[in-house]
Amino acid sequence: MTEPTLADDLALALELADAADTVSLDRFRSLDLVVEQKPDRTPVTDADRAVERIIRDGLAARRPGDSILGEEYGETGSSPRQWIIDPIDGTANFLRGVPVWATLIALVVDGTPVLGVVSSPAFQKRWWASTGRGAWLIETGPGHTAAPQRLAVSGVTGLTDASISYNSLKGWDEAGSLDDLMRLSRAVWRTRAYGEMWSYMMVAEGLVDVSGEYDLQPYDVAALIPIVEEAGGRFTSLTGGEALHAGNALATNGLLHAETLALLARS
Ligand code: IPD
Ligand code: CA
């Protein structure tokens with residue numbers, strides 16, 4: 001079998017996202033949604049599991065030699081090519097009927113995320129990127145044509161003019177870093193907790209300039225990294241290292257990265 005190209009892999013990821021959207025949208029706001037608590041005390045729904053299964057089935061059929069890491073069913077296979085899946089990022093929103101949630105699909109090759117798809121059907125948005133081919137958004141709601149738009153981060157150059165987003169105050173507090181977030185909040189123009197994948201996609205779209213948080217797993221960030229980077233931004237840990245396995249993340253428009261890291265390090 002010939003090796004798939006990156007374009008082949010992206011086409012497959014978008015196809016799998018279509019299948020995932022059909023399953024997740026059918027369960028969103030359904031009256032018989034089954035919600036359970038996982039051993040780590042976080043919620044999981046039947047939709048999380050069904051979406052991961054449909055993506056895994058597609059990958060097993062189309063990329064049988066590749067490894068898979070998913071939030072609900074763990075790691076399978078061993079290969080320099082690993083698909084990383086969060087079937088529903090924003091499960092807490094999903095189960096409360098808030099439309100800000102997405103299926104995240106990434107391909108990591110030799111440790112580097114080379115493509116990411118963030119598909120948010122209830123929010124009527126899908127973002128994607130692959131290395132060297134830009135970051136894109138398609139919006140399907142009223143007033144939108146189905147044409148993809150190429151994304152670019154903002155040109156804001158100073159923190160005093162920056163709009164920042166984060167996920168939760170509790171996340172920073174539990175990491176012992178609430179003072180860092182408060183110092184950053186005082187230094188910037190505006191703060192809003194848009195949360196979940198949306199904060200990072202807003203950085204890629206140039207709508208927000210800085211986004212960061214603690215308490216992350218590789219499947220929470222793998223798909224976000226190429227999208228922010230291909231839009232011209234930077235995506236690292238909160239101390240400036242690689243983000244995929246750091247457990248925390250800082251995404252910026254690039255111009256503000258060093259200033260943000262320096263401010264956060266000032267504790
Ligand atoms: C959560 C989201 C959230 C992050 C949490 C994650 P989930 O993922 O990514 O933004 O702050 O740490 O657990 O559980 O909804 O897939
Ligand atoms: Ca999840």
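Cβ atoms here come from the backbone N, Cα and C positions, even for glycine.
Some features that TrEMBL has for this protein:
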type    : residues           : note
BINDING : E71, D86, I88, D89 : Mg(2+) 1 binding site
BINDING : D220               : Mg(2+) 2 binding site
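Features recorded in TrEMBL, as mapped to the structure shown.
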residue : record                : Cβ contacts under 8 Å, 6 or more apart
E71     : Mg(2+) 1 binding site : D48, E52, I85, D86, P87, Q217, Y219
I88     : Mg(2+) 1 binding site : S24, T45, A47, D48, V51, F94, W101, A102, T103
D89     : Mg(2+) 1 binding site : W101, A102, T103, L104, V118, E196, M197, D220
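Cβ-based neighbour count (10 Å, all protein chains) for the residue listed as 'Mg(2+) 2 binding site' stands at 21. D86 (Mg(2+) 1 binding site) counts 30 other C-beta atoms within 10 Å of its own C-beta, drawing on all protein chains shown.
Ligand 2 lies within reach of D86, I88, D89 from the binding-site residues D86, I88, D89, D220, judged by a C-beta closer than 6 angstroms to any of its atoms. Using the Cβ center of E71, D86, I88, D89 for Mg(2+) 1, the list of other same-chain residues with Cβ within 8 Å runs, in sequence order, D48, I85, P87, G90, T91, A102, T103, L104, Y219, D220.
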